[in-house]
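Feature list (source: Swiss-Prot):
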TOPO_DOM  48-75  topological domain 'Cytoplasmic'
TOPO_DOM  117-126  topological domain 'Cytoplasmic'
TOPO_DOM  171-180  topological domain 'Cytoplasmic'
TOPO_DOM  202-207  topological domain 'Periplasmic'
TOPO_DOM  229-234  topological domain 'Cytoplasmic'
TRANSMEM  4-24  transmembrane segment
TRANSMEM  27-47  transmembrane segment
TRANSMEM  76-96  transmembrane segment
TRANSMEM  99-116  transmembrane segment
TRANSMEM  127-147  transmembrane segment
TRANSMEM  150-170  transmembrane segment
TRANSMEM  181-201  transmembrane segment
TRANSMEM  208-228  transmembrane segment
Amino acid sequence: MKNINLILAWLVHIFTASGLIVGLYSIISIVNGNYSLLLKLTVIGLIIDGIDGTMARKLKVKELIPEIDGTLLDNITDYINYTFIPVIFFYLGEFIEEKYKVAICIGILLSSAYQFSRTDAKTNDNYFRGFPSLWNLFVILNIIFKMEQITNLITMSICIITSFIPIKFIYPSKTKELRKITIPITIISCLIFVVSIFSELSTTALKMAKTVLILYFAYLTLASIYLTYKTRNR
């Protein structure tokens with residue numbers, strides 16, 4: 001039984017590391033201009049990152065293989081997929097005005113390095129401290145909704161700045177405050193997100209989906225600012 005558990009534990013690490021393979025093919029798809037493949041690979045990367053931690057805790061991987069730091073492996077994979085690949089995407093694409101590209105890309109790299117190296121990136125009351133480096137979501141939004149350059153410039157600049165500010169960003173699945181509101185609209189937004197990715201929607205439907213997702217992100221931002229003030233004495 002112990003040998004089986006050990007094999008399963010190693011498989012979890014391999015599963016986490018498979019995100020690096022996804023990252024490699026994501027870079028190749030960017031270079032080849034195959035954004036349809038990039039979109040699917042980005043979603044696969046999000047799925048891997050979303051479940052590998054739960055699997056590791058369930059199988060007690062840390063106890064079985066103490067010589068491998070699963071958290072570090074996960075962070076290496078995440079930095080590549082959540083930060084470095086989006087930087088390549090935005091630098092090589094036409095999603096940001098040319099004169100701002102390098103500044104934005106440097107801002108993304110440095111702000112993410114700051115976030116990933118923080119030991120207090122997540123608070124004790126289940127918030128992200130500062131913008132949580134979800135730059136791959138910008139990749140998805142730009143592929144599906146063809147965001148305007150000025151919209152990208154403004155929103156990405158705000159996210160870079162808030163990476164260094166101790167604002168508490170809602171962790172949708174864990175933050176207790178406003179949970180009864182956050183969970184339902186998160187589920188609805190995710191469903192719309194998935195449908196937008198894997199279905200051929202009309203122009204009108206895409207505009208509606210875009211509006212819903214923008215409102216969702218606006219809610220998360222405004223609610224985070226409000227809750228930062230409300231929980232400031234914790």
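Placed from the backbone N, Cα and C atoms, the Cβ positions cover glycine too.
Note that the structure is predicted; figures quoted are calculated from it, not measured.
Most Cβ pairs under 8 Å with the transmembrane segment (27-47) belong to 127-147, among the candidate stretches 99-116, 127-147, 150-170, 181-201. When Cβ distances are compared across the two stretches, the transmembrane segment (181-201) makes contact with the transmembrane segment (127-147), since 3 or more pairs at least 6 residues apart fall below 8 angstroms.
Per-stretch counts of Cβ pairs under 8 Å to the transmembrane segment (208-228) identify 150-170 as the leading one among 4-24, 99-116, 150-170.
Same-chain residues lying 6+ beyond the ends of the transmembrane segment (99-116) with a Cβ under 8 Å from its Cβ atoms: 75, 78-79, 82-84, 86-87, 90-91, 130-133, 135, 153, 156-157, 159-160, 163-164.
Sequence-distant contacts of the topological domain 'Periplasmic' (202-207) (same chain, at least 6 residues past either end, Cβ-Cβ under 8 Å): 144-145, 196. Predicted-model confidence for the topological domain 'Cytoplasmic' (229-234) is 77, expressed as mean pLDDT. Sorting the topological domain 'Periplasmic' (202-207) by DSSP state (H, G, I as helix; E, B as strand; all else coil) yields 5 helix, 0 strand, 1 coil.
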